[in-house]
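To start, the structure itself, in structure tokens.
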Amino acid sequence: MREVVSIQIGQCGIQIGNACWELYLLEHGINLDGSLKTKEELTASGSSASVGHDTSANDARTFFTETGNGKQVPRSIFVDLEPTVIDDVRNGCMRELYHPEQLISGKEDAANNYARGRYSIGKEVIDRVTSRLQKIAEQCDSLQGFLIFHSLGGGTGSGFTSLLVERLSTDYSKKCKLDFAVYPSPKVSTAVVEPYNALLTTHSTMDHSDCVFMVDNEAIYDICNNSLGVDRPAYRNLNRLIAQIVSSTTASLRFSGSMNVDLNEFQTNLVPFPRIHFPLVAYAPLMSAERSAHEQHAITTLTNACFESSNMMVKCDPRAGKFMACCMLYRGDVVPKDVNAAVSAIKSKRHIQFVDWCPTGFKIGINYEKPAFVPDGDLAKTSRACCMLSNTTAISVAFSNLSYKFDLMFKKRAFVHWYVGEGMEEGEFTEARENIAVLERDFEEVGLDNAEEGGDEDFDEF
């Protein structure tokens, strides 16, 4: 079995993780206490897992460990430096599902400070986390890698994540590390120092993370408002939407399908150069139940929708950049012939530009397991869905927005004393800023055509 370990860090990571496990339970036909649903229960709930129940339980083993009495336990760790959010999980509706030793909390908050999460408070918790991870890894037959959920704006999500990811790359250097990171958005902000935290984390994990799927709160808010008709979205709405995207991305790891995508394949197909590892995620259909009743979810429609900026998880315009790679993950009632036709149509469109050194650029994944939906959720229940993971130069706008805000504060050395007071050196700020400036230049250069670079001259002799 090719197992995957999920690590949820900080308030944001834990709440997204909780929403993901809620969805996985529905998809695999598992009760809140970890027991498998009976065939009668599955039929009554209309779950897609009712078809081939034994297969579904087998498929779940990538993400779940099975105990002696048949109970399914998430192969997952929840970490926070203060107890409040973890206590909510301990007392929540899924309290019987998680292994109590895999819910790890400290005593003191990171207070939105990267340096506290990484250097002072984080150091007290890191050994507990790594020893628990070691225990989980030892129980795996063939560990594929890690999925890490966190925000880049909070103290724990930024600082502790960078500390842990460094440890992981030392202890599990050959294993894949995929991040789902919530980026500070241009308008929606929860802390003044978010640009500092986000830039410092991006810098410190640059050489350790293999692939970072970025999500931006503002983009998710807008989807809830405009596409799903939720007037005042709460975090619960946002997290459930993110969970649906994570579920589509990981469906091929959890279910057997005709054209499945392995954890390492994401990296191989999406990351042309080690530093350019920030794919953009899009999902379709994004609509409420009322609208869905009047829509036809044809494969072509879903594929085209994934290239619209309103379906992207980061505020950016895909038409302003060039695509280096594109991974289309279809699930549900999907026929390969229709997929090929839809992708061919996309390739012929003028406004979707690929870099000239990567002319084909499409990786297709098809999974016949229909998407599951949380009861009373915002998304319409549909028989098929499409998730697009693309590496595009358009995402560099997220870094330039962040750099601009970072510069405004750092010019005045605002709030820097809080970081230095926790054992961090001021030079790390400058180092991080320079690294991100180089990253922005990398994106620019990657988007240049060979002709523009004058690269063809080198090959004249051939």
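From the backbone N, Cα and C atoms, a Cβ is placed for every residue, glycine too.
Annotated features, as they stand in Swiss-Prot:
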- Q11, E82, S151, G155, T156, T190, N217, N239: GTP binding site (BINDING)
- E82: Mg(2+) binding site (BINDING)
- E265: active site (ACT_SITE)
Next on the checklist: I'd like the Cβ neighbour count for N217 (GTP binding site), meaning other Cβ atoms within 10 Å of its Cβ, all protein chains included.
Outcome noted: 25
Checklist entry - What count of other C-beta atoms do you get within 10 angstroms of the C-beta of S151 (GTP binding site), across all chains shown? => result 30
Checklist entry - Taking the recorded positions one at a time (E82, E265), which has its Cβ surrounded by the most other Cβ atoms within 10 Å? => result E82
Checklist entry - Going by DSSP, is E82 (GTP binding site) part of a helix, a strand, or coil? => result coil
Checklist outcome for this item: Here the binding-site residues are T156, T190, N239; the one whose Cβ sees the most other Cβ atoms within 10 Å is T156
Checklist entry - Relative to the Cβ of G155 (GTP binding site), which residues of the same chain, six or more apart in sequence, are found under 8 Å away? => result G10, L81, D109, A110, A111, N112, N113, Y114, R116, G117, N197
Next on the checklist: What whole-number Å value do you get for the CA-CA distance of T190 (GTP binding site) and E265 (active site)?
Outcome noted: 35
Checklist entry - Among all the protein chains here, how many other CB atoms are within 10 A of the CB of Q11 (GTP binding site)? => result 22
Checklist outcome for this item: DSSP output for T156 (GTP binding site) maps to helix
Item to check | Whole-number Å value for how far E265 (active site) lies from N217 (GTP binding site) (Cα to Cα) | outcome: 27
Checklist entry - At the level of the C-alpha atoms, what whole-angstrom distance separates N239 (GTP binding site) and the residue listed as 'active site'? => result 26
